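Notes follow once the structure below has been shown.
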Amino acid sequence: MALLPRALSAGAGPSWRRAARAFRGFLLLLPEPAALTRALSRAMACRQEPQPQGPPPAAGAVASYDYLVIGGGSGGLASARRAAELGARAAVVESHKLGGTCVNVGCVPKKVMWNTAVHSEFMHDHADYGFPSCEGKFNWRVIKEKRDAYVSRLNAIYQNNLTKSHIEIIRGHAAFTSDPKPTIEVSGKKYTAPHILIATGGMPSTPHESQIPGASLGITSDGFFQLEELPGRSVIVGAGYIAVEMAGILSALGSKTSLMIRHDKVLRSFDSMISTNCTEELENAGVEVLKFSQVKEVKKTLSGLEVSMVTAVPGRLPVMTMIPDVDCLLWAIGRVPNTKDLSLNKLGIQTDDKGHIIVDEFQNTNVKGIYAVGDVCGKALLTPVAIAAGRKLAHRLFEYKEDSKLDYNNIPTVVFSHPPIGTVGLTEDEAIHKYGIENVKTYSTSFTPMYHAVTKRKTKCVMKMVCANKEEKVVGIHMQGLGCDEMLQGFAVAVKMGATKADFDNTVAIHPTSSEELVTLR
């Protein structure tokens with residue numbers, strides 16, 4: 001047993017050597033199970049403090065690491081840093097700014113713009129609350145400058161965190177090679193590792209010119225953050241959460257906004273109550289929702305863009321119309337995986353028909369030693385999901401936690417619409433499909449939040465609880481209204497823990513709040 005303290009100390013950082021000494025006496029009292037000794041030695045040896053990287057490889061040499069991460073977005077960075085904490089020699093390949101979509105052209109700058117839009121909405125309520133009306137003109141350039149500066153600070157923080165973790169940043173595009181063991185090439189140099197993670201994310205989808213002539217005249221959500229001024233006239237195409245968020249922001253800030261959707265409701269994959277209510281709230285807020293409509297052609301004119309569309313209401317003849325003088329045409333029709341230039345075929349890495357990398361529940365691809373997390377996998381395209389999956393993977397690979405994997409069930413999500421949406425678990429239709437209609441019961445409510453008790457402007461708050469089986473286990477919660485974005489997290493914990501309707505009923509309400517409705521549903 002005396003060998004075990006030495007094994008714990010060998011190659012470990014100072015903190016782990018101190019821990020080994022502290023437990024020496026305790027360990028000497030233990031029996032001598034060889035399997036336990038080997039497992040502890042291996043685990044402690046890997047959990048050493050991050051060490052500085054060695055010198056760069058000589059020209060023509062192949063640099064070797066314990067862990068190579070392709071993609072410096074949220075999932076890749078989280079996985080690399082956790083691996084480094086566990087003692088792995090890691091490197092991240094990135095060709096653009098650190099932080100990926102979320103930090104640079106997604107969640108973070110979008111939330112800044114959403115906050116700006118919410119501020120604009122509340123300004124309309126000032127007089128109702130006894131303050132003089134605020135007639136100040138919105139200055140797009142001011143918030144753009146502050147937003148971009150904030151993003152730049154986050155980029156620097158990511159850079160600093162990698163440096164502190166002794167993780168090397170390899171700048172450039174990575175592509176797999178045909179070498180005998182998994183190898184990538186970046187700017188003419190080769191790098192290899194027994195474990196390679198693909199975390200390249202996704203990018204906005206746009207129609208091809210052959211499908212819609214002039215489609216390239218529009219922008220995507222990426223381009224939204226490059227706009228130098230507020231568009232006077234905006235047309236958003238799409239019915240998903242990005243389309244809903246962009247339309248809400250632009251409209252609230254003063255752009256005349258149309259949202260073009262192929263069916264009659266937005267967010268059709270959400271619970272039907274949310275889909276219906278969100279569509280109504282958009283219209284109530286002044287967004288023109290063009291239902292059963294699609295863009296046919298886009299032309300550039302002296303006064304902006306001319307968007308031709310066809311509206312095909314079921315049971316009626318299609319009608320062609322044109323929207324003139326459009327300043328901003330924004331495509332929000334989905335996202336595609338960023339795998340085009342990775343040369344996945346050289347290793348035979350399998351993808352689905354949309355290009356998403358196919359992985360199992362442990363994030364393994366079909367090629368040993370190659371893994372994928374995040375949007376590139378096409379499942380639950382959310383930053384916290386990529387981060388959690390990446391960290392779980394690092395623990396499995398470098399801490400020998402063989403069962404470490406992300407549970408993709410009951411993942412909460414928020415749509416920053418106006419008002420915001422919060423949802424976790426199964427929709428009513430999904431619950432019926434899983435448990436049978438006779439085993440599903442729903443509880444719902446609709447009310448005006450107290451904030452609007454004295455305002456001319458009104459928004460609703462709607463809530464639905466989906467319960468299953470005799471014990472009425474809560475399998476889904478869906479809500480839209482003021483504050484729903486912030487109140488969901490706690491209720492998501494309850495759903496994840498398997499709470500029942502009775503558990504909610506036995507919780508004393510907080511009054512007066514909107515959240516109390518979920519513990520008083522009847």
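Cβ coordinates come from backbone N, Cα and C, glycine included.
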State the disulphide partner of CYS102 as given in Swiss-Prot, choosing from CYS107, CYS134. CYS107
State the count of C-beta atoms found within 10 angstroms of the C-beta of GLU245 (NADP(+) binding site), not counting that atom itself. 25
Nearest of the recorded positions to ILE242 (NADP(+) binding site) by CA-CA distance, picking from SER74, ARG81, LYS97, TYR158, ARG391? SER74
Which of the listed recorded positions (ARG81, LYS97, ARG262, ARG268, HIS511) has the least company, meaning the fewest other Cβ atoms within 10 Å of its Cβ? HIS511
Including all protein chains displayed, how many Cβ atoms other than that of VAL414 (NADP(+) binding site) lie within 10 Å of its Cβ? 17
Counting other C-beta atoms within 10 angstroms, the emptiest spot among the binding-site residues ALA239, ILE242, LEU381 is LEU381
Alpha-carbon spacing, ARG391 (glutathione binding site) to GLY334 (NADP(+) binding site), which is rounded to whole Å: 27
Where the distance is taken from Cα to Cα, which of the recorded positions SER74, ARG81, LYS97, TYR158, HIS511 turns out closest to LEU381 (NADP(+) binding site)? SER74
Longest inter-residue Cα distance for the glutathione binders SER74, ARG81, TYR158, ARG391, rounded to the nearest angstrom, is 16
